[in-house]
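Below is one structure, written out as structure tokens, with a few remarks after it.
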Amino acid sequence: MSGHSHTAPPSDPELRIKALESLLVEKKLINPDAIDAIIETYETKIGPRNGARVVARAWVDPEYKARLLADGTKAIAELGFTGVQGEDMVVVENTDEVHNVVVCTLCSCYPWPTLGLPPVWYKAAPYRARVVSDPRGVLLEFGTRLSDDVEVRVWDSNAELRYLVLPQRPEGTEGWSEDRLAALVSRDSMIGTAVVPAQGAAS
Amino acid sequence: MNGVHDLGGMHGFGPINPEPNEPVFHHDWERRVFGIMIATFGGGHYNVDQFRHAIERMGPVEYLTGSYYEHWLASLETLLTEHGAITQAELDARRAQLSREAK
């Protein structure tokens, strides 16, 4: 395996993928219509709205929350979110004492069924390098300032195990419906780089 | 495997610069790379560990300067040629042909 050479000069990725796709289609190894369907699914159906449903359910249903923290994969599947890159899920709960944040230092492991495909910054070097050594500083770049007495836990994902953060339910949402709560839950709050802000006028 | 992909704790990469309202894909070629990866992975041409390992086998400069979907593209090219779905000669010839047609 180590004999692989890197002699081919890098060229335009657009041309390279076109060359690859046309050969695979000619050899009937892929079907272009199926590729289109896969792309559409990940652009329109699978995304952080799914994870927000999970969080909102956990906020309104203590029994669901207990199941979610005990066996994330199974509880997430109850809401219909299963599949590639979500086979083994661990849900970590934010509390007044602990704030969780997720990274994949080695590559870009991310829970696709609940969050969709990861944003560029999650996959890029600065976040992967820094969040493990300076999580509070990294969170500040996202506008998230944690109190000094909150413990920060950074979870390094891998190909076998993916994490989802269960953010704290914000103040000012007492009696809200599950749908209304789900609309508050951002992608970043489920990665742990953000929190869900308190609602309502500070009167 | 020890390598440049093992980024945890490294210094010097600068700010994170999250993009507000980021789209799922930034270029159409990224869509094709993603879809072809899912289709060939589903077709059993390689497994997830082989896919990641092929990214880790990229040259360190290429790895650090390449975007996520460029990593995926490099891994697809490596694995699909190594595993015999296509040959490097076919790939080179097709790239040359497409390059001529684009001019």
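Using N, Cα and C of the backbone, Cβ positions are placed for all residues, glycine too.
Under the DSSP three-state reduction, A:C104 (Fe(3+) binding site) is assigned to coil, being neither helix nor strand. The Fe(3+) binding site annotation in TrEMBL covers A:C104, A:C107, A:S108, A:C109.
Taken from TrEMBL, the feature domain 'Nitrile hydratase alpha/Thiocyanate hydrolase gamma' covers A:12-194.
Cβ environment of A:C109 (Fe(3+) binding site): A:Q85, A:S157, A:N158, A:A159, A:R162 lie under 8 Å away, each six or more residues apart in the same chain. Around A:C104 (Fe(3+) binding site), the same-chain residues six or more apart in sequence whose CB sits under 8 Å from its CB are A:Y110, A:Y122, A:R128, A:D156, A:S157, A:N158, listed in sequence order. All protein chains considered, the CB of A:C107 (Fe(3+) binding site) has 20 other CB atoms within 10 Å. The Cβ centroid of A:C104, A:C107, A:S108, A:C109 marks the Fe(3+) site; residues of that chain outside this set whose Cβ lies within 8 Å of it are A:L106, A:Y110, A:P118, A:K123, A:S157, A:N158, A:A159, given in sequence order.
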